[in-house]
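Quick look at what TrEMBL annotates:
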- 20-37: transmembrane segment (TRANSMEM)
- 49-68: transmembrane segment (TRANSMEM)
- 80-97: transmembrane segment (TRANSMEM)
- 117-134: transmembrane segment (TRANSMEM)
- 146-162: transmembrane segment (TRANSMEM)
- 174-196: transmembrane segment (TRANSMEM)
- 208-227: transmembrane segment (TRANSMEM)
- 247-268: transmembrane segment (TRANSMEM)
- 275-291: transmembrane segment (TRANSMEM)
- 297-315: transmembrane segment (TRANSMEM)
Amino acid sequence: MVATKPNASTPITGKMSPRIWFYSILLTLQYGAQPLISKRFTRREVIVTSSVLICEIAKVACAIILMAKDGSIKRLAKEWTLMGSLTASGLPAAIYALQNSLLQISYRNLDSLTFSMLNQTKIFFTALFTYIILRQRQSIQQTGALFLLIMAAVLLSIGEGSSKASSTGDPEQILFYGIVPVLVASVLSGLASALCQWASQVKKHSSYLMTVEMSIVGSLCLLASTSKSPDGEAIRRHGFFYGWTPLTLIPVVANAVGGILVGLVTSLAGGVRKGFVIVSALLVTAMLQFLFEGKPPSVYCLVALPLVISSISIYQKYPYKVKKKEA
């Protein structure tokens, strides 16, 4: 038989160490609590571009600290080239910058559980773009799981529009400033994820170095856009930190740390266990929303929740297996 070499996408098996458990629990809490934290500590007057830029700066700081800790910063600095950086990180960085802005808009116009569940559609788009770019196939079970996820997204879109229309009287705002931004962000997330996977597998780029590069390039793109964007006009009129309070740093830093934790959990525990972290985070969001906002999930959310949980679990448990051939 032909021996195959495991690649970056191969899930890591074996017993989880205490360190992996620690990272997984932190990511579960961060991912589940992020929508509530953003809504609670970010005032509506805060300019989206300012929060995104500060978040990118925090990501760079975290990644540099981690590279210094593992001793790779000197080696990576010597091997770094501008062309290699732009090839591996330039396009994903610009995509992620736009995605983050869309997510910030969506945070403010959707309830936390609906946001978290709709945000899971990025798994479908990741699968789509990894097939287009890397020709990574999906198993029959994974295909069925992706259809379950689409059904859940449709239910949530209908339920969110109808339930919030009765309370706010502005269903168009819910649709165009809540549902549409998070779904577009999911498409962009899938595309950027596939491009990053290509960079890590083909270009052998360090995940920490990619975080630094993408944050810098994304920040430059955002700064360039402020010359004509509404956010840029708002910054020139009111100042960069308009609407900020010391508490605004809480969701910004939490989001930055979450970005680092995603990479750690994926590299140390594999995609399957990361899937369980995501499912657990959905339950954390539901619990926190009920505890702190006093709002039980809508009927549509209750129907969609098991669909999301089932689809993510099936997708992670039954990956596509290449049939072994005789040499």
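Each Cβ is built from the backbone N, Cα and C atoms, and glycine gets one as well.
Keep in mind that what you see is a predicted model, and the values were worked out from it rather than measured.
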Would you kindly check 49-68, 80-97, 117-134 and say which stretch has the most C-beta pairs under 8 angstroms to the transmembrane segment (247-268)?
49-68
Recorded stretches the transmembrane segment (174-196) and the transmembrane segment (49-68) touching, at least 3 CB pairs under 8 Å:
no
Six or more residues out from either end of the transmembrane segment (80-97), which same-chain residues have a Cβ under 8 Å from its Cβ atoms?
52, 56, 188-189, 191-192, 195-196, 199, 203, 205, 209-210, 213-219, 221-222
Take the transmembrane segment (49-68) and find every residue of the same chain, 6 or more past its ends, with a Cβ under 8 Å from one of its Cβ atoms.
42, 76, 97, 100-101, 104, 206, 208-209, 211-212, 215-216, 218-219, 222-223, 225-226, 229, 231-232, 235, 240-242, 244, 248-249, 251-253, 255-257, 259-260
